[in-house]
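Residues annotated as Mg(2+) binding site in TrEMBL: ASP343, ASP345, ASP434. What TrEMBL records for 27-124 is domain 'BRCT'. TrEMBL lists 1-25 with the feature region 'Disordered'.
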Amino acid sequence: MDPPQTSHLSPRKKRPRQTGALMASSPQDIKFQDLVVFILEKKMGTTRRTFLMELARRKGFRVENELSDSVTHIVAENNSGSDVLEWLQVQKIQVSSQPELLDVSWLIECIGAGKPVEMTGKHQLVVRRDYSDSTSPGPPKTLPTAVQKISQYACQRRTTLNNCNQIFTDAFDILAENCEFRENEDSCVTFMRAASVLKSLPFTIISMKDTEGIPCLGSKVKCIIEEIIEDGESSEVKAVLNDERYQSFKLFTSVFGVGLKTSEKWFRMGFRTLSKVRSDESLKFTRMQRAGFLYYEDLVSCVTRAEAEAVSVLVKEAVRAFLPDAFVTMTGGFRRGKKMGHDVDFLITSPGSTEDEEQQLLQKVMNLWEKKGLLLYYDLVESTFEKLRLPSRKVDALDHFQKCFLIFKLPLQRVDSHQSSWQEGKTWKAIRVDLVMCPYERRAFALLGWTGSRQFERDLRRYATHERKMILDNHALYDKTKARIFFNYCGA
């Protein structure tokens with residue numbers, strides 16, 4: 001038997017890295033001269049980085065092997081903006097320019113499109129710590145444009161309609177609502193602030209490290225965030241959703257005209273469904289509640305933007321029939337760009353009208369709509385506004401302008417595009433509408449007050465009081481340091 005052949009066991013020579021192949025593309029291959037990309041290898045790995053570099057270059061992007069002053073975009077994977085700046089510090093790399101710090105998803109979208117795509121909030125890596133006081137060598141004091149300090153005030157934060165943290169904000173919205181049902185104001189505000197600041201973030205929270213430096217996230221809030229990160233849900237939120245009291249209050253308050261006191265009364269009486277409430281002959285309902293039950297199915301369905309725009313046309317037609325120079329502005333969520341809402345709010349003001357004409361307008365509009373069969377219900381609240389009254393110190397202050405809470409009968413043919421919220425076979429839909437009439441010189445403050453979200457308005461008043469030494473409400477701005485009221489900032 002022949003002895004087995006032994007293979008030569010000398011060490012293999014490693015194939016040399018093709019560094020030349022990874023050099024920046026030749027000028028004739030670059031389609032986008034003003035865009036220079038550097039891909040961070042940290043947490044990505046050499047193989048994936050090399051693959052992305054080659055792929056991007058084939059599409060005409062200029063990708064550098066090394067970070068230099070020419071780089072305009074730094075791309076990273078599974079890194080926060082803080083992580084990128086820390087890496088720059090450790091590597092003792094200084095960049096005199098201000099490159100964008102972006103998630104790798106942006107580059108992948110660019111490659112797929114074959115051209116640079118728009119940088120949105122979900123792409124940007126935001127530094128949530130203050131590096132300006134750092135004495136260690138590293139990045140310059142002028143930080144990249146994506147670096148921003150997050151304010152504790154909602155009115156000082158840019159919040160888009162693109163919510164990157166909905167799994168967390170939905171949880172805190174539920175907890176805040178439950179606290180409101182139980183009249184626990186402090187906890188309600190805590191959860192509302194947490195939801196508000198998380199909605200403003202242009203990145204998704206994927207680890208507890210991402211919450212560092214973010215205001216309004218106390219220990220209790222962070223415990224809930226950590227549980228959701230680890231388990232995908234919060235046990236506290238789950239318990240609230242299964243709580244009979246929360247379910248009942250959620251159901252009862254969905255009826256137009258039913259508040260917390262009425263919900264508490266019905267719950268204590270043992271009611272758990274609306275059918276039981278409706279059928280109980282011992283209960284007496286207000287006119288508003290009767291309308292709420294009568295048009296319940298329509299009122300609990302969402303109002304689309306197309307429906308809101310159709311209502312807007314009809315409101316403007318009615319108002320300008322009596323005050324031709326009137327400004328009629330849709331406010332609330334629709335003015336902020338939302339596509340859906342639960343009601344439609346309008347602020348009305350007229351620069352050339354007298355005080356009597358202002359006071360009579362809403363009643364005239366109601367009479368006109370009643371004649372046309374467009375009014376299902378209305379409640380006109382007269383003005384208690386006093387010109388010399390100082391702004392309210394309350395953060396949740398209600399204004400004293402004349403207003404009308406109504407249910408409008410919107411004909412199907414007035415809607416430009418038919419929406420799924422219409423019940424089959426119906427030719428009209430009941431829509432909740434609020435009309436507010438304010439003096440022209442107070443329009444700026446009223447418009448601000450009726451446009452922002454609830455938390456935005458609370459923080460706006462807090463910011464005015466604590467940071468500017470002023471008092472702000474829907475009527476005016478009062479400067480405490482100068483004892484002066486500002487009210488006629490209107491513009492057109």
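If you go along the chain as it appears here, the first residue is 1 and each next one adds 1.
Every residue, even glycine, has its Cβ placed from backbone N, Cα and C.
All TrEMBL annotations are machine predictions without curation.
Summarised by DSSP class, the composition of the domain 'BRCT' (27-124) is 36 helix, 16 strand, 46 coil.
Taking Cβ-Cβ distances under 8 Å and a sequence gap of 6 or more within the same chain, the neighbours of ASP345 (Mg(2+) binding site) are MET330, THR331, GLY332, VAL433, ASP434, VAL436, TRP450. Sitting within 8 Å of the Cβ centre of ASP343, ASP345, ASP434, and not among those site residues for Mg(2+), are the Cβ atoms of THR331, GLY332, VAL344, PHE346, PHE405, ARG432, VAL433, LEU435. Least packed by the Cβ count within 10 Å, out of the binding-site residues ASP343, ASP434, is ASP434.
Per-residue pLDDT, averaged across the domain 'BRCT' (27-124), gives 85.
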